[in-house]
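Participant: One structure, as structure tokens, below. Some questions next.
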């Protein structure tokens, strides 16, 4: 519906009064931010975007916005938004539907999944009528800098506002990347409220409809050709806004959330490599932490049973003889009795609490461990991609992906190793009539410190790192390979154009996660067993002591045979398969919620 110039002036005057809360007649940066906060505007915490808006409005560059400058900015922005709106509105009915938006994205060379398109559309469609009229389009995008009118900038603007307010999803801003002079500055800008800056987009190929121009928009809003579009930029020499031509071939900057077609990437510019370039979105750490807590709590009794069996150094003569004679059924029956006896003993030691002994430490430990594991994996893939000569972590070679998974596992293991050791020793100190809960944790930590100081908490670390590398590498590599195969199959079968639409469902995620976890855990189980015994030596459940890795290996084989290296494997697999399945299902779904695909 057309709006008269008088109605437009009245609407913008009302908006100005909401921003100019102190009635000074001008707005500097603090006043503008305060006004946006009073309005509860999506940009209220987006300092970078607020500065961009101030610079675009401030024609005379005095650091303040006058009412006249504000009106000029808003009217020019609305003119450009109307031009873009009409180029998307293919049927010229004055409303945008999802099909028109999807077609516009494809014309602009921007790949957007159906899931992201639905969220973007719903965010702008305030009256939920299934279409976007120009008033909704204008009100949402009014404060976008006028030099960035393309769909690329619109999506970046949307992503930035949603990250700050609705999703809590934060990216690294250009200010954070270049301003790492102090650690505090980095923490403030990178982890607690940084916003991805708007980038200069290519103006998409415009095919104007014949809809009438609203009365308040100038006629020259229609004059863009099919090959060239006008983009308004601020010229500091003349202190005016000027229309400059852009073409569909303009290169555009990278948006981590919107994958671009390869032809539109920057090829001829190289930038110095910075360590911060490898830091992934903080959402990967959040997703990893949430998935770890969920899976570990659900499988805590099985973990408790595994540690209990590993710590037992005795061996049933019946089971040994059955194994030597090749009586598989008899040996399995003996193993089942061993599991049953272990469950009864644990229950007698403290009931349900005994089965969950150490789970409090598990929760404290697993959140950083899982967060660092998945975050480090994403960082390692970025580093490997840079080493291979490209910047796409999804396109790294299979050996590089294997190494990235192993490195991520080692980093996460080193971070939480002291808590891991304390948990094992605490579980081995749990006996009938003994201490429980926080008192047991405290006394166990005191005993460890009194015995050998900080070294006690890192006993067996080399063995742990050696064992974690192949486990994490096999686990992550197997899962990623299976996931890529499913995505590739779904895209071919259902003709999806975006990988996010072709992601496997939760059932397949659980199957793939269980398989990858089982393979990795079985391959490295002997190393894990030896490490656990080094960590728990000298406790009530495991009185033996060792001088090092060679000694624990020698004693284990001497007294229990090669079979002793796999003691507790069954309950470990019973724990690992559901745990890893739950981890990957929760991780992948959390990534979806945080828009990290």
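Including glycine, each Cβ sits where the backbone N, Cα and C put it.
The shown structure was predicted, so the numbers you read here are calculated from the model rather than taken from an experiment.
Got these off TrEMBL a minute ago, pasting:
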- 7-42: domain 'EF-hand' (DOMAIN)
- 76-111: domain 'EF-hand' (DOMAIN)
- 112-147: domain 'EF-hand' (DOMAIN)
- 203-228: region 'Disordered' (REGION)
- 279-383: repeat 'Solcar' (REPEAT)
- 396-485: repeat 'Solcar' (REPEAT)
- 504-593: repeat 'Solcar' (REPEAT)
- 507-527: transmembrane segment (TRANSMEM)
Participant: Let me know the model's mean pLDDT on the repeat 'Solcar' (279-383).
Facilitator: 73
Participant: Sort the residues of the domain 'EF-hand' (76-111) into helix, strand and coil with DSSP and give the three counts.
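Facilitator: Within the domain 'EF-hand' (76-111) the tally stands at 23 helix, 3 strand, 10 coil.
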Participant: Which numbers of helix, strand and coil residues does DSSP report for the domain 'EF-hand' (7-42)?
Facilitator: 24 helix, 2 strand, 10 coil
Participant: Using DSSP, how many residues of the domain 'EF-hand' (112-147) fall into helix, strand and coil, respectively?
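Facilitator: Result for the domain 'EF-hand' (112-147), in helix, strand, coil order: 19 helix, 2 strand, 15 coil.
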